[in-house]
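Everything on this sheet refers to the single structure shown next.
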Amino acid sequence: MFMCSHLYMSPIHQARSMFAPFRGGKKSRARAIGSPENRSIYYLLVDSHDSDPKSRIDLHISSPMGVVIESEVWENNQPLSIFIFVSCLLSVLCLPHNSSRISTVFDQLLPSSLLRFQRNFLLLFCFSSVMEGMWSVFGEYEMAYFGVSKEQMVSSLIIGSASALFLGTGLGMLSDLIGRKKICLMFCVLHLFVAIWKRLFSHPSIWLASVSLSLASSIFLFGFETWMVTEHDKLGHRLDSLNEMFWLMTFLESASLIGSQVVANWLVSNELKKNMFSPSTATALLAVVSIVSIAREWRESPPASIKDYRISLNTHIFSDKRIWLLGWAQSCVQFSVAVFWILWAPTIVADGREVNLGMIYPCLLGAKMLGSTAFPWFINGPLPLRTEDCLVYAFVIAGIVLSIVAYDYQEIGILVGLFCLFHACIGLVLPSLARLRTLYVPNELRGGMISLSLAPANAAILLCLILRGYSGSIENSTIIAFGAIGLFSAAGCMHLLKQSGKHSPHQNFHKH
């Protein structure tokens, strides 16, 4: 359900305004005038990208008194945005001149059939990322527009999480059995169904939309990767060209999510009532184009039988401790990213200042893009580093970042810097884990392995939503601390995976 996909981005973003501020009111700019015993002011902080400034702070006063509001708006750090953009540009432009790679997706040295597939696939993947991002950017605002309460939003999130856990876990194995193209078609059909449903009904069932989009997000996490790897193997790929695709997918996904934010804002514009359904129309058009592209371009080999698949799953997945280590690391990444997207906005607005979250959001994704461009430098470039070592360092740094955030409140500028560092680490982690899956997991089991590894993360997310959203028996800082602990444990898994590789070298199921 949760992106990270490759990140990432899913209906979980709606939880941003549903949880209390991280360190509520610690540095509030509201000043009450009156006797100290009568100063009873409670703040309701919601997402500051709401177009109505009055929805950002509600004041409830227990007795008559004068109140003076000192409004302060935190401005985004423009040099940080420029630095991220320039760094991404330089990293991409300088890489071909410093890398030992033989050929890339931008070169003409690859076979024409493989080159055509790569470019068509990346375009289709960008369309799919925009469909995912359209809901993550616009979904919360849309539900608020239709008068959906916070309790209903929490309920829809819990239902979506449960769907990802109990239904989404089996979709990976289903894709291995029926074919990756069919499961990617299902992804597009689910988005098309929700988009048409929203156009037909002015106030569609949020539960139905939550289940459908959660299943689509689950497919997004494994479907396109498994399809791309399988097709590369069929066309006789080189491993270095496959590594190229891994970081490009992470890079383009983040760029597409930023693009979906721009598109959603442009479609809605200032005429809210007139253009409320424009993002749904755009999603429907993208889904139709994607369905036609998938159906026309590629063919698939016959699927495996259930009996043979079960035997292979037991032999290569459940009986290999290295796959368990790799799966746990993937699950920890998924959980920590979901925790971040649930709590990043309440954490930033905790001091009471107004913050334009819409300007910070691209910075976070830009940092993820920058992290993804570091992958070829470490793997195939002038800074060679074993993949497991690279992941250990990235996991430790990301865990330290979440530990700092969980320990105490920081200034907004420091928080934004920490969040960007966290996303840079995630941008490096995602293609690195995909590379390890290529080395350890057979193609015919890849989808099932990924979806099974996400089950613990989905279960933990569901538990946190129930405990925090309903009973309030767990604090935001505790949830973030759990995410940090998970990342540290993932670093330990990568260290053990490296040690096991020294004694029993992995079997590479793919061509070089």
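The backbone N, Cα and C atoms fix where each Cβ goes, glycine too.
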Ranges in play 77-95, 153-171, 172-190, with TrEMBL marking transmembrane segment at 153-171
Taking the transmembrane segment (153-171) as the reference, which of 120-138, 206-224, 245-264, 323-344, 477-497 gives the largest number of Cβ pairs under 8 angstroms?
206-224
Hey, which of 323-344, 359-378, 413-436, 448-471 has the most Cβ-Cβ pairs under 8 Å against the transmembrane segment (206-224)?
448-471
Stretch winning on C-beta pairs under 8 A with the transmembrane segment (390-407) (pool: 245-264, 323-344, 359-378) is 323-344
Distal contacts, the transmembrane segment (359-378) - CB-CB under 8 A, six or more residues away
7, 76, 80-81, 84-85, 87-88, 91-92, 95, 98-99, 101, 137, 243-244, 246-248, 250-251, 254-255, 257-258, 261, 344, 348, 384-385, 390, 416, 419-432
